[in-house]
Structure formats: C-alpha cells, structure tokens
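K.L.:
The structure is given below, and queries will be raised subsequently.
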Amino acid sequence: MVAARAGNGSILRVLFKRGSQVDATAKDGSTALHLAAHNGYIDACRVLIGGGANVNAVDAAGLNPLMKAVQMGHIGVTKLLLKSGADAQATTGPKTSLHLAVENGIKDMLELLLDQVKRVVAIDDKGFTPLMVASQRGNDAVIEQLIARKAIIDVADKRGWTPLTVAADFGLHDIALILLQKKANANANGNTALHYAAGNGCAWTCRFLAMFGAAVDPKNNYGATPLLIAAMRGNADAFKLLVHEGASINANDHGKRTSLHLAAKNGANDIVKMLVDFEADVKLKDKRGFTPLMAAAQVENVRAIRLLLAHPALAK
C-alpha cells in the first residue's frame, strides 16, 4: 500500500516477487490500484495491472480505480484503466465516472469516457444525469459536448426536474438559453422551468422561456402559476415581466390565493403596488374568506394596507 501511495513501481515489482497480494485492501476497502490511480501514478498502475490487480475493485464508498482517476483528473491513468478493461459504466458509487468527468469539466477526459458508454443518461445518488450536473454547474462547453454525443435533453428525475429546470432553479439564464436552443421542453409537467425561474427572480430566464414558447400560466401541483410564485417570493422584476407576457394577475392557487393575497401577506409591497396599478381584483377571497386587505392586516403590513385602500374598488 505504501509503495502504491508513493507511486514506486520498482518497489512494487520487488514486493510481488516476494508474494505480496496485489488486491489486498485497507480499512476503507481501497486496494493499491485505488491509491495509485487516485494519485496519478501511471507506472505504479501499470505494474499493479500487470500483476493481476482487479481494475474494477470497489472500495467501501463504492468507488473503483477508474472513478478515482477521473475524479482527480488523471487522463493518462484513465486511458490505461480503460484499455485494461475498467468499466466506464459502473454504477457502484454515488456518481458514475461520467458524472465525475462532467464535474471536472475536462474535455479530453469526457471524450475518453463518452467513447466507452452506450447511454448518457445514468443517474447519480441525487437522481441527476450528467447533463443535469453540467447544467447545475453552468458549464456550457460540457453541455454542448454531451448533447453532441446524444445525451437526451429532457430526461427527468423523480421530482420531474430536467436539465432546463435545473438551470432555471439556479438562475443560470445563459445555460437555459442554450438548452432551449437545443429544443429543451419549456413546458414540463408539475413545476415548470418558468416556476423555478420566477421563484428565484431570474427575469432573463423568464424572458428566454417565454421567447421559446413556455406557457405563462401553467399550474403546479399546488395550483400555483409562476406569477403566484414570483409574488410570494417578492421577485418584482420577474413578476413584471410575466405580467408583460400575459400572465393572469387574478389567477389563484388551490387555496384560492391570488398574487395580491401572497404579496400582501409576504411583504412584497412593490408587487402590491404593481397589482393595484394594474387594477387586480382586490375583492377576491381565499378559502378562509380573506381578501388581500385582510391578509395584509393579519400580518400588520401597514404599507400594503395603504396601497390596497388606494385601489379604485376600495377608494370609492
């Protein structure tokens, strides 16, 4: 183990001649090949493989030597392991080798692995595909690389997230635009990308989604439209853009709450003012029988109360 960690191929050869076990494991389940691969010692890896080391041995964390090499960005060792029969599609660890390569963003490393895998839709322990990981990290070059290799752009995880919704949720409007240009579906079920963009206040992402045909008033599982989400979060720029794109200012969720209810309750007074200016229906009641004015009074939002009382329907 010490010789492998130090990358000393000569000592490893001597040890093998004396009967040392090539696949002996440490407490964490790692073999000498794990250690040599992790540290990028290609000569030591050659000696170990030549001595019969298992290239697909798995440590306690589920990682094989290939994953270790990819994780650390060692291209030479990665080539050697793949040539020696390492499984590029192994799913024993939290992430596949392809996920790790995407995280590193090393083009040549990614190409090596893409040459070996048949499907680019493997998922990690979070349910993310490699393309979703690239979207989360905002790596446009890797996204282009994966899509060029037939990565399926609209594969969703158990939550219904796609690469586009990931980009929208993280406020990465440039990545969202790339995915939309590559024909990503802007109208996924449940929480759409527009819901996420409205929720984090990324007006640019909202704009791009609208440009590429996203429905402006889709309802999620709670009956909330993107406009309601923007109102609840107090994201005035996204709210204004959605209204400009034709979102209904009087839409309500399953609790019959309108944008005016949510903005008044959550102190989003810039949005309350916009809605008053747009003459939103101030008399609509939620399931509790509360009007927006009552919702504002409940949380002692004095500014919202004054704005609402200036509404034409109440000022008479």
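Positions of Cβ are set from backbone N, Cα and C atoms, glycine also.
Small disclaimer: the values here were computed from a predicted structure and weren't measured.
So TrEMBL lists the following for this protein:
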type: REPEAT; residues: 28-60; note: repeat 'ANK'
type: REPEAT; residues: 61-93; note: repeat 'ANK'
type: REPEAT; residues: 126-158; note: repeat 'ANK'
type: REPEAT; residues: 159-191; note: repeat 'ANK'
type: REPEAT; residues: 189-221; note: repeat 'ANK'
type: REPEAT; residues: 222-254; note: repeat 'ANK'
type: REPEAT; residues: 255-287; note: repeat 'ANK'
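Tell me what's around each of these sites.
P.N.:
The DSSP breakdown of the repeat 'ANK' (28-60) into helical (H, G, I), extended (E, B) and coil residues amounts to 17 helix, 0 strand, 16 coil.
For the repeat 'ANK' (61-93), the model's average pLDDT works out to 96.
Here the repeat 'ANK' (159-191) has Cβ contacts under 8 Å with residues 127-129, 131-132, 134-136, 138, 140, 143-144, 147, 153, 197, 199-202, 204-205, 208-209, 211-215, 218, 220-221 of the same chain, all six or more residues outside its ends.
With helix defined as DSSP H, G or I and strand as E or B, the repeat 'ANK' (189-221) counts 17 helix, 0 strand, 16 coil.
Beyond the repeat 'ANK' (222-254), the same-chain residues lying 6 or more positions past its ends with a Cβ under 8 Å from any Cβ of the stretch are 192, 194-195, 197-203, 206-207, 210, 216, 260-263, 266-268, 270-271, 274-275, 278, 280-281, 284, 286.
Secondary structure of the repeat 'ANK' (255-287) per DSSP (helix as H, G, I; strand as E, B; remaining residues coil): 16 helix, 1 strand, 16 coil.
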K.L.:
Provide the three-state DSSP residue tally for the repeat 'ANK' (126-158): helix first, then strand, then coil.
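P.N.:
Going by DSSP assignments, the repeat 'ANK' (126-158) contains 17 helix, 0 strand, 16 coil.
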K.L.:
Please list the DSSP helix, strand and coil residue counts for the repeat 'ANK' (61-93).
P.N.:
17 helix, 0 strand, 16 coil
K.L.:
So what's near the repeat 'ANK' (126-158) in sequence-distant terms, Cβ-Cβ under 8 Å and 6+ beyond its ends?
P.N.:
96, 98-99, 101-103, 105, 107, 110-111, 114, 120, 164, 166-167, 170, 172, 174-175, 178-179, 182-185, 188
K.L.:
Counting only residues 6+ away from its ends, which parts of the chain sit with a Cβ under 8 Å from the repeat 'ANK' (61-93)?
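P.N.:
Here the qualifying positions are 28-29, 31, 33-34, 36-42, 45-46, 49, 55, 100-101, 104, 106, 108-109, 112-113, 116-119, 122.
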